[in-house]
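Annotation source TrEMBL lists signal peptide at 1-20. What TrEMBL lists as domain 'SH3' is 99-158. Marked as domain 'DH' by TrEMBL: 195-379. The annotation domain 'PH' is assigned in TrEMBL to 410-517.
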Amino acid sequence: MVPLSKAFLMLDVFSVLVTSAKNKEILAKKQQTKCCRTDSFVLYFSALVITDGPQDKSGLADEVGSEDDLYNEFRSSSNRFGHPGGGGEQLAINELISDGSVCAEALWDHVTMDDQELGFKAGDVIEVVDATNKEWWWGRVLDSEGWFPASFVRLRVNQDEPMEEYLANLDGASEGGGASMEGPLGPGLPCKEQMRANVINEIMSTERDYIKHLKDICEGYIKQCRKRTDMFTEEQLRTIFGNIDELYRFQKKFLKALEKKFNKDHPHLSEIGSCFLEHQTNFQIYSEYCNNHPNACVQLSKVMKIKKYVFFFEACRLLQKMIDISLDGFLLTPVQKICKYPLQLAELLKYTNPQHRDYKDVEAALNAMKNVARLINERKRRLENIDKIAQWQSSIEDWEGEDILSRSSDLIFSGDLTKISQPQAKGQQRMFFLFDHQLVFCKKDLLRRDILYYKGRLDMDQMQVVDVEDGKDKDFNVSVKNALKLCSPGGEEVHLLCAKKPEQKQRWLRAFADEREQVQHDLETGFTITEVQKKQAMLNASKRHQTGKPKAVTRPYYDFLLRQKHPTLPTSLPQQQVIMLAEPKRKTSNFWHNIGRLTPFKK
């Protein structure tokens, strides 16, 4: 039998926390200190939440101290008003690092253009050098070092033997020697059916816990917030909590469907793949929540600077008897949950025999949930791009007509073309920018080529793209090479565009085809940018254009990133990046490359 010390164990951060005796002792002492005043806190907070109007808290103040004392105590707590988990996880991980090398396996590709970040591919083994920060770790792959998102990896406690080889050895030993199923990892665990049962049980358990979590937020926080109209407006609540109530209603239905397919007596016989397939379109509601989450953190950070909100949210948590993590930690869970489904289904497929009745459904469900993740990621990317598009428009001189964001939200391709229009048939060198729904063209300044002047736009919804052969064009009576035409359906409007090289022409033809596909996809998926988002993006761009200076990153969303002994931490958040888990990866966008070619965006 292979000794346990040679097992390759894939552990979550929480598993490391549990296995660290030192960390458990620290947490136990911390919990004991908190409990001594919890009863008094509940008494004080109950009066704050349940009863509307002015409160008489003089007697309570004598018992629990002044509001300033309470406020300072809450703000100093390592587990509150930050991100979940406090410093316990880092204590456990760094304890392991101090004892020797700790390695992690990459779950997803991490692609970066930042020289201070560490790039790797899924499956790569990363040596963890420093895990002091809970979101970004410092690691090493071969000769490269840099920051990487902690959420992109899983820790390895021992690197001697891969898990698949270990399980295969155990299966071979049990078949050859008739060994008992009572192995070192528990009864029946080496059996593939037992492994499948474990994964099924984990899916059901985490789903029930998640429902409890959503219920606590809706009933413990939102319900109480709506009673306090003197503290919260509906707009504030919508920003902080997003559509989490909608997620709660959907997840309850989804759990009922899972329960019907769950075989309590023989979990490995459960057929839950069909549940994911039946509800795959409903999971798209997570897109709205994930897109709103950065705004929620900003809004929550603002109100948490006011003492009465600090007390109020703590009262909600205590009265609902929720675990001791801050509200922003609770609100992060749906973002993590939608990313966990593909991981769970991948594990389930791994331990499902191809002959199993659930195999095909699980395989299809895995692809479906990856597609959901891709869709959420794409929508998030589009929303993040609108600020860049607004900034681009503000840099264009002599802009005319409606804002680009009124109809478009993505730059598909850009480049130089020679434009020939009727009736003059005179060639003009122009810089073209192809967005969804429209093609904008500008003129470069004769002296300063980095300055662009707006010259017009074409409505791509009303244009047809025609490939033109080299030679003399009969409509314009000119000889052309590497040309294409944009024509209105009735032929009233015709534009002849010429590229310098054949490959450039082919790239433009593909770009025009991509534009039509994207418009159709947006129509099918219902993707839209709200008027509020458009106005805010244009407002931000106008402010930046007036100052003429780059806008500093001062959002509270980044406040928790700490400066350490290594180079500056990345300014992006892993929880924003973690959504990009779907494989194969989405085709690389040309947005940043195309926009970066313009001097206004260069340093």
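Keep in mind that glycine also has a Cβ here, set from the backbone N, Cα and C atoms.
TrEMBL: automatically predicted annotations, no manual curation.
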Whole-number mean pLDDT, the domain 'PH' (410-517), equals 90
Going by DSSP, how much of the domain 'PH' (410-517) is helix, how much is strand and how much is coil, in residues?
-> 19 helix, 57 strand, 32 coil
Taking DSSP H, G, I as helix and E, B as strand, the domain 'SH3' (99-158) contains 4 helix, 30 strand, 26 coil
